[in-house]
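Asker: One structure coming up, written as structure tokens, with questions to follow.
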Amino acid sequence: MATDSLIPLSQGAGYGVVVGIGLAFGIGMVLVNKFLERFLSERSDHTEMFMVANRGVGTGLTASAVISSWMWATAIIWTVAQGYLYGIAAPFWYAAGCSIQIALMTVLAIHAKVKVPNGHTVLEIVRLRYGKATHVVYIFLCLVTNLLSVTSMILGAAGVITALTDMHIIASTFLLPLGVIVYTVAGGLKATFLTDYVHTFIVMVILCVLTIKVFNNSIISDLDSFYNILVEAAKTRYVEGNFQGSILSFKSKGSIIFGLVHSFGDFALVIMDTSFWQKGFAADTAATMPGYMLGGISYFAVPWAVGTTAGLAAIGLEGSSIFPTYPRKMTTEEINAGYVLPYTVMAVAGKGGAWALLLVVFMCVTSTTSAQLIAVSSIFSFDVYRTYINPHATDREVIRVSHWSVVLFGVFASAFATALHYGGIDLNWMGYFLATIICPGMFPLAFTILWRKQSAAAATVSPILGLITGISVWLGTAYAYAGELTILSTEAQLPCLWGAIASTFSSAIYSILITLIKPQDFDWRLFLLLNEVRDDDSNPGRNWLADTKDLDSVQHPYPPEELKRMNRAAVIASVFSVVIGLLTWVVWPLPLYRDYVFTAPKKPWILNAFAMFSPGHLSPGLWKHPQDRAGDFTDLSYWIDLAKVLERGKFHGLFLADHLGVYDVYKGPANREPALLSGAQFPIGDPL
């Protein structure tokens, strides 16, 4: 692990960033939310605002939130480590394993937005369709996904902070969620959208600068010198499974297995992580498709560019005097703990780079953790408290439970990460292990919103059987390959790949077979009975379902024109998913997977990675969709209009939202006539 001679920053720097900046962001978000409450009537002490941001978030914020949800600190750290281990192919496969999932989640988000317009969590949908037993199963599966996600983030980030500052790893483990808890409790999901926007923009800019520094230091001055040091390093480095053992070959067995395991895990993360569903519910109807698509495309460049440049730079610079570990090589423990990125940044950018990376890691982990905390709080408040403990809970009572859930889960996740650390579990083990555990519920949960025939028995039993199958295959193959079950044998690539495949596809097979025995014929209109959580003087703590027996009289809250537009968006998103999948997994990489080593004329591969990254880091922050509702904080015109209104002083006695065209959250948006739908007229039908 890191020794004192390798640590560029003081412990004070670590505590200053983790505690100081964390609390500063927390206080800043509290003030922003007070402003929103005072002038825009956006009250985070109301459930609809806390959980789903009043379902009116625009494209820019949605895109930045999607990127933020995907930009784990561990993702940036891990892709660099894999680039160091396997060469030029690994970062591309990591990036390819991120984009298709966002594209498919776009389809699911649109279906959920139309079919369950008043939804808060995906678990509400499960309960309404299948009942209590299935609901409890998916509460467990989703909580496990959220817990493993947060602990993985904390483990990786705490390790890097320790490498940069010598801050005790347990201190950083418990203090990292502190600022997140403050602004999440204060502002709810809208606060996470706002901090996602700020964090994402800052992180992208810093990563862009650090990537440039790879080509501008005392050893590397341009692409030619970069290529030359890689060629020299390749002479003494043989990668098992690569063509000719070269780090410059795209034909890499280790890279593609890494990409597959990572892809399976990411598919499960977007579907089983309730925060992605919440952001879909929170997005404005016009922003769902472009927001998710923009986020998916923009994020592709991040792991590809950072992993390629920093991972390969670590290989080339490890033998030079500017590398922190010189004259020795990095140890396996340092690589698996995620130290490749901080050591590389220290080599090319010195102490300033260490400060920048410390800020990047902190912002990544806090931004992603905030969404996880909101997701978990929604599970405990809606799916546990309001469902089984106090069915007639008022808005205020639900919010109180949500706040306590944020605090308690943050503390528990830190404690769990501490236990894993002392148990010898590192970033690499968590990265490979994750897919086996979280994949079993993926297909059954997607079928819940896409396939009316899936039965309650299939939805309940198939993920349990899939989990048992996946764990059995994972442990069985680990023992078969290594002859023992240890941390090293269970984090090996092939056992983790077989475990992920078994978990994923066995649950799908179980679901289909059980459904064929006795299929369900679900009426999608039942989802329209779900109520929003709003209190008024005449009806406090109203039922979660509308009291109606006649489904033919059910009205959809969206007007027919909007439903038609969202139906078109679902079709476009489906086509987009197919195109992205073919491009990133077939058309682009497979022709490169051959007996070939990149030569000097192929330097544009690295240049393209960086060139794609540069505009990609700006697009979510500057995007404004023409159909976005006024009040999107990513739009410069919003702030200009706001300044004009404040200057005229016309906000006295009125909601500022009236001047800016933002609908009053208590009255609902204007000019939205509901649609009366029969079963045959439902706007988005069965795609399966």
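First residue shown is number 1, and so on along the chain.
Just so it is clear, glycine is given a Cβ too, placed from its N, Cα and C backbone atoms.
Heads up, TrEMBL stuff is auto-annotated, nobody curated it.
Sharing the features that TrEMBL gives for it:
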TRANSMEM  12-36  transmembrane segment
TRANSMEM  57-80  transmembrane segment
TRANSMEM  92-114  transmembrane segment
TRANSMEM  167-185  transmembrane segment
TRANSMEM  197-215  transmembrane segment
TRANSMEM  256-276  transmembrane segment
TRANSMEM  297-317  transmembrane segment
TRANSMEM  401-423  transmembrane segment
TRANSMEM  429-451  transmembrane segment
TRANSMEM  463-482  transmembrane segment
TRANSMEM  497-517  transmembrane segment
TRANSMEM  569-593  transmembrane segment
Asker: Should the transmembrane segment (256-276) and the transmembrane segment (12-36) be scored as in contact, given a threshold of at least 3 Cβ pairs under 8 Å and pairs 6 or more apart?
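Answerer: The answer is no, given that the two segments have fewer than 3 Cβ pairs within the 8 Å cut-off.
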Asker: Decide whether the stretches the transmembrane segment (297-317) and the transmembrane segment (197-215) have at least 3 CB pairs under 8 angstroms, with pairs required to be 6 or more apart in sequence.
Answerer: yes
Asker: At a Cβ cut-off of 8 Å, and with pairs 6 or more apart in sequence only, do we get at least 3 pairs between the transmembrane segment (92-114) and the transmembrane segment (401-423), yes or no?
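Answerer: No, these stretches are not in contact.
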Asker: May I ask you to check whether the transmembrane segment (497-517) and the transmembrane segment (463-482) make contact, with contact taken as at least three Cβ pairs under 8 Å and only pairs 6 or more apart in sequence counted?
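Answerer: Contact between the transmembrane segment (463-482) and the transmembrane segment (497-517): present, because at least 3 Cβ pairs are under 8 Å.
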Asker: So which of 12-36, 197-215, 429-451, 463-482 has the most C-beta pairs under 8 Å when paired with the transmembrane segment (167-185)?
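Answerer: The listed stretch sharing the most Cβ pairs with the transmembrane segment (167-185) is 12-36.
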